[in-house]
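Asker: The structure under discussion is supplied below as C-alpha cells; questions concerning it will follow.
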C-alpha cells in the first residue's frame, strides 16, 4: 500500500477532511500514526480519538521533533508549502530523506498495490481546472453510470478519495472507473497517479497565496497527467493558452472549445441558423485526395499537419439543462473523458441531456416579472464570474464582492462592459471592485447586505434580464461559507417574489 515503504510510521500534517482520511487509511493498513495540527483542538480531533485510539495527536506550531522516528509525511492540501512553519518542517523532512505525500499519492499507491496483488485495474479519469471542476466531475460520473459502468467519484468533490476507497474495499464494491476531482493543492504532492485520461479545464488567477505565482499554480495543475511515460490521454481547452502549454508531444491529445474543432476526435461548437450545436470533428474521408495537409493550429500540438475534418452534430447546446457556454465546454470535457475509455456515444449523449447541474453553480432560482435570478455563489474567483457573464449571453445585473484574496479584478472589465446593465457591490473588497470596474461606464451601486443587493438589483433589471449572484470573491467576510451566501441570496429572492404576489 505504501510503495517500497513497509508500514511506515506516518506523520499526518493537518486534521481536516483529507488529514483525517489519511490517518484512518494509514491506521487501517497497520501503520503507526502521529497527527499534527497547528490548532490545539481541531474539529476532527474527536473523530480521530474515537476511530484511531492508538494515534498520537500533537497540537500547536510544527517543530522538527515531529519527524522523530517517522518514515513518511502525509500532508493535507490546506497546508501551503510557502507558509514559514510548514516550509521549515518540509525542509527538515527533505534533509532526513523522508518522503512527503498527499492523499492522492496514497490513493495512487493503493491502486497500484491492488492491481499487483489482486488484478484490480480500474480506469481512472482525473479532472482539474480553476473553474468547472465539480460540475465536470459530477457530470462525468453520471455519464459513466448511464453507460452501464460502476463508478467511484471522489477527491476534492468529497468524499475523500481514501475514504471512498476504504468503503469500496470494505463492501467489496470496487468500481470499474474512478473519477477524481483534484485541486492544485492535492496535485502538489502527487507523483505516481497515472490516469487513463485527464483534463485541465482552464487556468485563471486563483490561490496565488498558496502557490506563490501563476507559474507554480499552473505547474501544479499540469501534474494531473502523471508521469510522461504512462501515456495519459490529455483533454485540453484549446482556447486557454496556459492549458495548451501543457500538451505533450507523442501523447494523444483531444481538445474542446466553443469554436470549431480542427482535428479528428476533438469537440467544439457549430453555429447554424442561430443555433449552437455541440460537434465532434471526424476525418473527412470524402475530402479531395489531392488536398494538401494544412499546418496544425492551436488545438493540437502533437503533430505537424492536420487532415481534413467534417463536423458531426451531437446535440443542440440548448438541450443541456446546465446554462451557459462555459457549461457546454464542461460537457464536452466530460464527454471526451468518457469516450477516452471507449464508452458508447449514444448513452453518453442521453446522459448529457438528463444532467441538471450542481448547486450554486449558475443555478436558476426563480423568474420574477420576466427577470431570471441565478445563484453562482460558488463563483469565488474572477475567472468563474467572467465565465458566468459570458455564458449567459444576456443583459445582467451582477451582484459581486466579498473577500477578494488579492486577485486582479481587471479581467472583469470587458465582460461587465459587454453584458452588465449594472453591478451591485457587497462586502470587504467592494471598493477594489469599484476601482477596477469604473472604466466600464456601468452603474456601480453599493449595498450593505446581500438582501439589500437583491432589492436594488430587482429595481435595476428590465424584462428579459438576469440578476446574477456571482461574487468573484470568497464569502468569509460576511458569511460562514459560499453555501450560506447562497442560502441568504435564495431567501432574499423568495421574499422578493412574495412581496410581488408570486409564489416562489
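The backbone N, Cα and C atoms fix where each Cβ goes, and this holds for glycine too.
From Swiss-Prot, for reference:
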BINDING   129, 130, 131, 132, 133, 134, 135  ATP binding site
Asker: Near residue 133 (ATP binding site), which residues of its own chain have a C-beta under 8 A away, given they sit six or more steps off in sequence?
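Answerer: Counting only residues 6 or more apart in sequence, the Cβ neighbours of residue 133 (ATP binding site) under 8 Å are 127, 156, 157, 181, 182, 183, 201.
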Asker: Within the same chain, and leaving aside 129, 130, 131, 132, 133, 134, 135, name every residue whose CB is within 8 angstroms of the centroid of the CB atoms belonging to the recorded ATP site, in sequence order.
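Answerer: Residues close to the ATP site, other than 129, 130, 131, 132, 133, 134, 135: 127, 136, 201, 202, 330, 384.
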Asker: So what sits near residue 131 (ATP binding site) in its own chain, CB-to-CB under 8 Å and at least six residues off in sequence?
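Answerer: Listed in sequence order: 201, 202, 204, 326, 379, 381, 383, 384, 387.
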Asker: Three states by DSSP: which one describes residue 131 (ATP binding site)?
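Answerer: Once the DSSP labels are grouped into three classes, residue 131 (ATP binding site) ends up as coil.
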Asker: So for residue 129 (ATP binding site), how many other CB atoms are inside 10 Å of its CB?
Answerer: 27
